[in-house]
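Read the structure below first, then the notes.
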Amino acid sequence: MARSNLPLALGLALVAFCLLALPRDARARPQERMVGELRDLSPDDPQVQKAAQAAVASYNMGSNSIYYFRDTHIIKAQSQLVAGIKYFLTMEMGSTDCRKTRVTGDHVDLTTCPLAAGAQQEKLRCDFEVLVVPWQNSSQLLKHNCVQM
């Protein structure tokens, strides 16, 4: 009878030994981020603001609108550590009175562009995925999905 429990006891002892052999850091800090884990961020975080600017600039370059859009509200922001940092942003955007021209290209300070009013006004709610690689000083819009509000 005692021998039939021996493999179970040895297995449990092995599991306990493995858990005790883990480095103290692996056991003591479960609140730290792991690679690939999504992390909620404040919309006011300066890095979130930079990622949002990059997303809006890329959106404006690819958009067929004759007017620029700018973000009006960052609803939700998350990041994921990959080969760089992926930002997942949910934002509201509004059309502005600033027209796209070949002269200005994409070098317009959108904060100086007033939001459009009346019939010209267009509001969007967008989900953006932006990859920022700080050591290469680059950002890339990977995905976006916008719907009219």
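Here the Cβ of each residue, glycine as well, is placed from N, Cα and C on the backbone.
There are 18 other CB atoms within 10 A of the CB of C113 (disulfide bond), with all protein chains counted. In the three-state DSSP classification, C113 (disulfide bond) falls within coil. The disulfide bond annotation in Swiss-Prot covers C98-C113 (among others).
Taking Cβ-Cβ distances under 8 Å and a sequence gap of 6 or more within the same chain, the neighbours of C126 (disulfide bond) are A55, Y59, L89, T90, M91, E92, M93, H144, N145, C146, V147. Per Swiss-Prot, disulfide bond is recorded for C126-C146 (among others), and the stated evidence type is similarity to another entry.
Swiss-Prot lists N137 with the feature N-linked glycosylation site, giving sequence analysis as the kind of evidence. Applying an 8 A CB threshold to same-chain residues 6 or more apart, the list for N137 (N-linked glycosylation site) is empty.
Summarising the annotation, Swiss-Prot assigns motif 'Secondary area of contact' to 80-84. Mapped onto DSSP helix, strand and coil, the motif 'Secondary area of contact' (80-84) counts 0 helix, 4 strand, 1 coil.
Residues or ranges marked as signal peptide in Swiss-Prot (evidence: a curator's inference): 1-28.
Annotation comment: Swiss-Prot describes G36 as site 'Reactive site'. Within 10 Å of the C-beta atom of G36 (site 'Reactive site') sit 9 other C-beta atoms, taking all shown protein chains into account.
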- Near the motif 'Secondary area of contact' (80-84), which same-chain residues lie under 8 Å Cβ to Cβ, leaving out any that are not at least 6 residues past its ends? 33, 35-39, 131-134, 136
- Message: Please identify, from the disulfide-bonded residues C98, C146, the residue with the sparsest Cβ neighbourhood, meaning fewest other Cβ atoms within 10 angstroms.
- Response: C146
- Message: Check the DSSP secondary structure of N137 (N-linked glycosylation site), expressed as helix, strand or coil.
- Response: coil
